[in-house]
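Chemist: Summarising the annotation, TrEMBL assigns domain 'Cytochrome b/b6 N-terminal region profile' to A:9-220. The transmembrane segment annotation in TrEMBL covers A:38-65, A:86-107, A:122-144, A:156-177, A:189-211, A:242-263, A:301-320, A:332-353, A:359-382. Among the features that TrEMBL reports, heme b b562 binding site is placed at A:92, A:193. Taken from TrEMBL, the feature heme b b566 binding site covers A:106, A:207. What TrEMBL lists as ubiquinone binding site is A:212. The domain 'Cytochrome b/b6 C-terminal region profile' annotation in TrEMBL covers A:223-393.
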Ligand code: HEM
């Protein structure tokens, strides 16, 4: 127990509402593996960006007008007339990109070190639900400035629901609140865009609760054997996480101050116009891989299903992976396929930014096929047949007899 | 590991520093020329004399057809006009206000708080008279791929012959930056305004000056943004270095 718990006031409150015990147990004493590398910073980075998003968003909402005739102008006024309005707006817009960057790395970390595997399946699934909620939030947020890309992204994405059999058309009219995307659509998107981040906060709470129940995984992917394997969260990981935040902030503020519109699309500085369709409708960079999956199949309904499946398939990963060994550090074959998979998602993203014509169509189809092949065939088969390298004895004693001999042998050569 | 992360971050920061503030994206087949703007890069700022020259062109020419909805007369104080001067400038323009107590609209002299008056009553009138809608220019340099380079190239893009496969309808002009026929007649020509600061009155200079002015209207806080940015980055650099040192020190107690 930390010294804080000896304080009289703390004791008084704590015996009535054990909020200090909770903080002590989960924020200070929480036993954390001592060998976590920097990839484990990305969870706290995500939480940090989430807070930045909520904080900037609340202030933006004080100046934003969710109406088709005023939304674009209200944001221009905010950026020009409100003190540091430009900073609020650029921080929020670039913050969304930082959020996805950080969370994507967080997910790849989980895939590499087998953090989804038993007993962390629920922790992982909550993570996937968070990602879905983030995608919905980001999409609706992008509509709010009511520029050309906002409008046409809203149109393209909501129209996907018309692929639903039988009542698809009615469903779309219901979502729009009219017979096309318009002011009623914008107003409801604003309402939901304000609501969803708080849902994400609640999900993050569950996520961390599950984490603290199963405890953190670690780069070796082996279980904590005893107190010699762990260190208290504070000060070790609090300082490490703070350092990570400093590094992320430099990247983040680099965009905000020196290239605030670099990640955006110029068409979103053209007010929404239902009569003029932009030549290329492209989503934000973080949706590009999914956009390629959507367009890979020449059937609206199947395309939409494939796109949703490409996210939802993550839920099945704990069961698709048959290996007893979590960390890919000890699974040389799966490791190669992991990096191929990373490459595939990058290719999917690249193709998402290209027009759906010529060579890009078959390339998009091939990389989409590989995406699903990775999860449905490669992951189960390799994990069943691959012989993993021997695991170290424990976190505090990370030596393996075999590998040591190997290392000695190579050194002798 | 750590060194790798540091290098990656510094690398990313370096890339950012090198990248132009406005992304220069390929805009179709159009011909876009890159200009070395004073406001480019991490340390770039607006050149006030250039903004004044651009303002001359704006009031003399572009304002006949284009609106500038988010620009108010009082904004001129930011680029070195005095309060008195701004009052005088605003008073030269007529603003339709109202309704008054009897329900009638009335005309009055402009005041610094007024926004720039549009040349046409509405988009329909503007389109009818010009054959196409002259777009509002308040954020034009941010609303086109290529940014200020595009606007500059558009303004000078009337000299080339259209490609063989293109026909230019009557009343239209071929523009090599937009790579299509447009309804705006060529606007830039030598000595279209006389500069008081001795700058040569070439078409290129005029196009640069009006574009810089429009970029200032689009991004009025650019100078302040970069100034704050430099201070913020220095602060973050020191803070992060300190956090790193502290992290090193605290972790030296852990055996690993
Ligand atoms: C709002 C977004 C998210 C926040 C704020 C968040 C936060 C966190 C935090 C603070 C941790 C502990 C530190 C760490 O291990 O990095 C963590 C762990 C974890 N997260 Fe997330 N997370 C988010 C999204 C996701 C998503 C989308 C997934 C997966 C689809 C995911 C999967 C995991 C897993 C598996 C762990 C345990 C890692 C381990 O112990 O190896 N998280 N999360």
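Placement of Cβ uses the backbone N, Cα and C atoms for every residue, glycine included.
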Chemist: Compared by Cα position, which of the binding-site residues A:106, A:207, A:212 is the closest one to residue A:92 (heme b b562 binding site)?
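Modeler: Among A:106, A:207, A:212, A:106.
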Chemist: Out of A:106, A:193, A:207, A:212, which of the binding-site residues is least crowded by other Cβ atoms within 10 Å?
Modeler: A:212
Chemist: Do at least three C-beta pairs under 8 angstroms join the transmembrane segment (A:359-382) to the transmembrane segment (A:38-65), pairs 6 or more apart in sequence?
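Modeler: Counting Cβ pairs under 8 Å (6 or more apart in sequence), the transmembrane segment (A:359-382) does not reach the transmembrane segment (A:38-65), since there are fewer than 3.
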Chemist: Do any of the binding-site residues A:92, A:106, A:193 touch ligand 1, in the sense that the CB is under 6 Å from one of its atoms?
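Modeler: Going through A:92, A:106, A:193 in sequence order, those close to ligand 1 turn out to be A:106.
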Chemist: At a 10 Å cut-off from the C-beta of residue A:92 (heme b b562 binding site), count the other C-beta atoms across all protein chains.
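Modeler: Excluding its own Cβ, residue A:92 (heme b b562 binding site) sees 19 Cβ atoms within 10 Å.
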Chemist: So what's near the transmembrane segment (A:38-65) in sequence-distant terms, Cβ-Cβ under 8 Å and 6+ beyond its ends?
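Modeler: Distant contacts of the transmembrane segment (A:38-65): 71, 73-75, 77-78, 82, 85, 88-89, 91-92, 95-96, 98-99, 102-103, 105-106, 109, 112-113, 144, 190, 194, 197-198, 200-201, 204, 216, 218-219, 237, 240-241, 244-245, 248, 252.
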Chemist: How many Å lie between the Cα of residue A:207 (heme b b566 binding site) and the Cα of residue A:193 (heme b b562 binding site)?
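Modeler: On Cα coordinates alone, these residues lie 21 Å apart.
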Chemist: Same-chain Cβ contacts of the transmembrane segment (A:122-144) under 8 Å, 6 or more residues past its ends?
Modeler: 64, 66, 71, 75, 96, 99-100, 103, 106-107, 110, 115-116, 150-151, 153-154, 157, 185-186, 189-190, 192-193, 196-197, 199-200, 203-204, 206-207, 210-211, 214, 283-284, 286-287, 311-312, 314-315, 317-318
Chemist: When DSSP states are folded down to helix, strand and coil, where does residue A:106 (heme b b566 binding site) land?
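Modeler: In the DSSP reduction, residue A:106 (heme b b566 binding site) maps to helix.
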Chemist: Can you work out the mean pLDDT of the predicted model over the domain 'Cytochrome b/b6 N-terminal region profile' (A:9-220)?
Modeler: 97
